[in-house]
Amino acid sequence: MGCFHSTAAREFPDHENPVKLASETAFSVSEVEALYELFKSISSSVVDDGLINKEEFQLALFKNRKKENLFANRIFDLFDVKRKGVIDFGDFVRSLNVFHPNASLEEKTDFTFRLYDMDCTGFIERQEVKQMLIALLCESEMKLADDTIEMILDQTFEDADVDRDGKIDKTEWSNFVIKNPSLLKIMTLPYLRDITTTFPSFVFNSEVDEIAT
């Protein structure tokens with residue numbers, strides 16, 4: 001958990017105490033305070049209501065409020081812990097914690113499993129992996145032939161689906177990740193280790209600030 005000793009932790013009206021959030025995450029109090037500045041910037045980019053809606057989240061992640069993106073939608077759904085269609089500051093900090101370099105392998109593995117388990121069945125199915133792969137390729141502007149995508153899916157399930165039931169359960173996914181740690185690269189944002197030295201450059205992109213002004 002983060003170092004949460006502070007003599008002058010700021011209070012954020014209508015939001016959770018930074019000391020409390022630091023005690024529950026890998027962030028220090030000063031890092032939580034820096035995250036609050038980021039949260040304010042994102043949450044006011046479209047509607048200034050102290051909450052992050054899906055449009056603001058997509059704008060922060062991908063600089064584009066018009067283009068729907070499955071990956072962004074899934075991340076938003078996982079951040080939206082209370083299922084209200086918006087993200088409050090507490091959920092924002094706790095959810096970002098899984099991307100911290102000090103977050104455990106277990107936390108990161110669980111998050112990626114839920115990311116791919118789009119139907120919330122407790123299993124990752126081939127079509128879910130295909131949808132996510134296509135979404136990630138589109139976002140990176142990479143193009144792969146359909147047969148290449150199918151080959152990737154075949155190899156993934158050959159390696160991960162140990163009991164050959166056509167789906168990947170949590171145990172199979174955990175073992176697959178251990179053998180293929182590169183799968184978790186997206187789950188670590190190094191600058192989360194000390195946001196206070198990188199803010200305001202720590203932001204998914206700088207366009208949020210430009211739109212807010």
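All residue numbers here begin at 1 and follow the chain in the order shown.
Any Cβ shown, glycine's included, is placed from N, Cα and C.
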From the candidates SER28, SER174, SER201, the one which Swiss-Prot records as phosphoserine: SER201
Rounded inter-Cα distance in Å - THR121 (Ca(2+) 1 binding site), LYS167 (Ca(2+) 2 binding site): 10
Those residues of the chain, 6+ apart, with a Cβ under 8 Å from that of ASP161 (Ca(2+) 2 binding site): LYS167, ILE168, GLU172
Residue among binding-site residues ASP117, ASP119, ASP163 with Cα closest to the Cα of SER140 (site 'Involved in dimerization'): ASP117
Model confidence over the domain 'EF-hand 4' (148-183), averaged pLDDT: 96
Rounded inter-Cα distance in Å - GLU128 (Ca(2+) 1 binding site), ASP165 (Ca(2+) 2 binding site): 15
Cβ-centroid neighbourhood (8 Å) of the Ca(2+) 1 site, ASP117, ASP119, THR121, GLU128 excluded: TYR116, MET118, CYS120, GLY122, PHE123, ILE124, GLU125
